[in-house]
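Below you'll find the structure, written out as structure tokens, and then a few comments.
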């Protein structure tokens, strides 16, 4: 879109420049004829007639040029165009050499806007000897050489804690706003819109003691219980003396268990022999 608008502006500027030259030529002819002033509408009409006349002559000259098998028209093509329009060219040299004619100065060339130079990053590398010379030069190095653009991760403790606190605060604010918009709210002030300092409504259960009286299934997590048992009975962080005592207690407990087991076995073995003794 930008290119089309620029081209349209250039064409309009060129048309305005040519129109001004034709307007100046008509004004000069009017001055030579004896007029001191002219109406704007009349001047524009004469300028339009002159422009149409030149356009018709140009089209006729181009037609005769193409019929002759040429690309660019010459003076004879223009003469043939004038004769085709019924205009005689006799006396045109005397009219061009008239004494009181005014010379129109050529319009000044407008300075073309300077295109800014392209920014270059780094020094361009010379082509390798195996690359032919007729190929275009290589672009800037940043166009084909890999350059990392990602930022290094933040590893500072203070920055990480600050970022975590900021994220937590933002989440809390967003959740509070969401609840305030989607659920019932109370207001500190009696206003119509009830949007000033909204308070999230608390919904207590009635009666409040009912959840405590309702029976629920108690689920035991055996893995968690085993973990707590291991943590409670660990001896890595205990002093050496207490650790030895606990080991001794564990050994004594093992001996007592063995003794109890042996006693129970003896009692079991002795139980069937009692009836035999009673018989004897």
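Going from the start of the chain as shown, residues are counted 1 onward.
Every residue gets a Cβ built from N, Cα and C, even glycine.
Whatever TrEMBL says is automated annotation, not expert-curated.
Quick look at what TrEMBL lists:
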type     : residues : note
COMPBIAS : 234-246  : compositional bias 'Basic and acidic residues'
COMPBIAS : 262-272  : compositional bias 'Polar residues'
DOMAIN   : 15-91    : domain 'Bromodomain associated'
REGION   : 233-280  : region 'Disordered'
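The average per-residue pLDDT of the prediction over the domain 'Bromodomain associated' (15-91) is 88, rounded to a whole number. Helix first, then strand, then coil: DSSP counts for the domain 'Bromodomain associated' (15-91) stand at 57 helix, 0 strand, 20 coil.
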